[in-house]
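S.K.: One structure coming up, written as structure tokens, with questions to follow.
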Amino acid sequence: MHQYSSIPLPPAQRRKTPLPITQVYEVCKGVVSCADIVAFAARDSIEITGGLGYDVPAGRRDGRTSLASEIIGNLPPPTFNVNQLTQMFANKGFTQEEMVTLSGGHTIGRSHCSSFSDRLYNFSGTSMQDPSLDPRYAAMLKQQCPQGSTNPNRVVPMTSSSSITDASYYVDILANRGLFTSDQTLLTSPATANQVAQNARNPMEWKAKFAAAMVKMGHLDVLTGTVGEIRANCRVINS
């Protein structure tokens, strides 16, 4: 984990309606990196949707390479079980409790059908439905994601309140409505199942833990000093 400077954030970063990225470029070109902008955007999206705000240290620099192959081993797929999730997060310096806490980020957003369709039609290669899925929830998912559909634009909400940062993710898991295998698997371990139940009962406590875990995650693999660059255009490296 790298150490980097904590630069005071301008008032615009704390606004309920953040500055558009184009304005950030104009005001902070050559100073604020795309990596920092992504970190600020994550914080703002959480706060705007009802989560707790938190201070984001700045001073990251952007990398000069981006390889899809680096995702493997660094980002958990939706098929992971609780032991695999625990180990992957441990490899990054996170506890099992922090893994459960960060999994709650699935409280907002949507998912493509391809990320969970095996649970509906071919669970573990059995041509059957995942028995851990709530039957009514599974029926609704099948309506939204018909078997054999190749439409890449089909998406479903991650939770029952997918535009709000709240504890609905954990409430849904307790009702066997976790969308991914990697969500529902949190009930298969007594320790993680207990954490799911606690987060469902104490949403404000979870929000505080989530904010702290996001700050910690923001320290992972940070480029500083003369390593990397500050991109003039986030889509491409500097020429």
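Even glycines carry a Cβ here, placed using N, Cα and C.
Annotations for this protein, taken from TrEMBL, read as follows:
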{"type": "DOMAIN", "residues": "16-238", "note": "domain 'Plant heme peroxidase family profile'"}
{"type": "DISULFID", "residues": "Cys34-Cys234", "note": "disulfide bond"}
{"type": "BINDING", "residues": "Pro76", "note": "substrate binding site"}
{"type": "BINDING", "residues": "His106", "note": "heme b binding site"}
{"type": "BINDING", "residues": "Thr107, Asp166", "note": "Ca(2+) binding site"}
{"type": "DISULFID", "residues": "Cys113-Cys145", "note": "disulfide bond"}
S.K.: If we check Cα distances from His106 (heme b binding site), which of the recorded positions Pro76, Cys113, Asp166 wins as closest?
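M.R.: That would be Asp166, nearest by Cα distance.
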S.K.: Looking only at Cβ atoms, how many others are within 10 Å of the one on His106 (heme b binding site)?
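M.R.: The answer is 22.
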S.K.: Cβ-Cβ under 8 Å from Thr107 (Ca(2+) binding site), same chain, 6 or more residues apart: which ones?
M.R.: Met158, Thr159, Ser161, Ser162, Ile164, Thr165, Asp166, Ala167, Ser168, Tyr169
S.K.: In Å, rounded, how far does the Cα of Cys34 (disulfide bond) sit from the Cα of the residue listed as 'substrate binding site'?
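M.R.: Cα-Cα distance, Cys34 (disulfide bond) to the residue listed as 'substrate binding site': 23 Å.
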S.K.: So of Cys145, Cys234, which of the disulfide-bonded residues has the fewest other Cβ atoms within 10 Å around its own Cβ?
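M.R.: Cys234, out of the disulfide-bonded residues Cys145, Cys234, has the fewest neighbouring Cβ atoms within 10 Å.
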S.K.: Between 0 and 100, where does the mean pLDDT of the domain 'Plant heme peroxidase family profile' (16-238) sit?
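M.R.: Mean model confidence (pLDDT) across the domain 'Plant heme peroxidase family profile' (16-238) is 92.
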S.K.: Around Pro76 (substrate binding site), how many other C-beta atoms are within 10 angstroms of its C-beta?
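M.R.: Around the Cβ of Pro76 (substrate binding site), 16 other Cβ atoms lie within 10 Å.
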S.K.: Could you tell me the C-alpha distance between Cys113 (disulfide bond) and Pro76 (substrate binding site) in angstrom, no decimals?
M.R.: 17
S.K.: Could you state the whole-number distance in Å separating the C-alpha atoms of Cys234 (disulfide bond) and Pro76 (substrate binding site)?
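M.R.: That comes out at 25 Å between the alpha carbons.
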S.K.: How many other Cβ atoms sit within 10 Å of the Cβ of Cys113 (disulfide bond)?
M.R.: 21
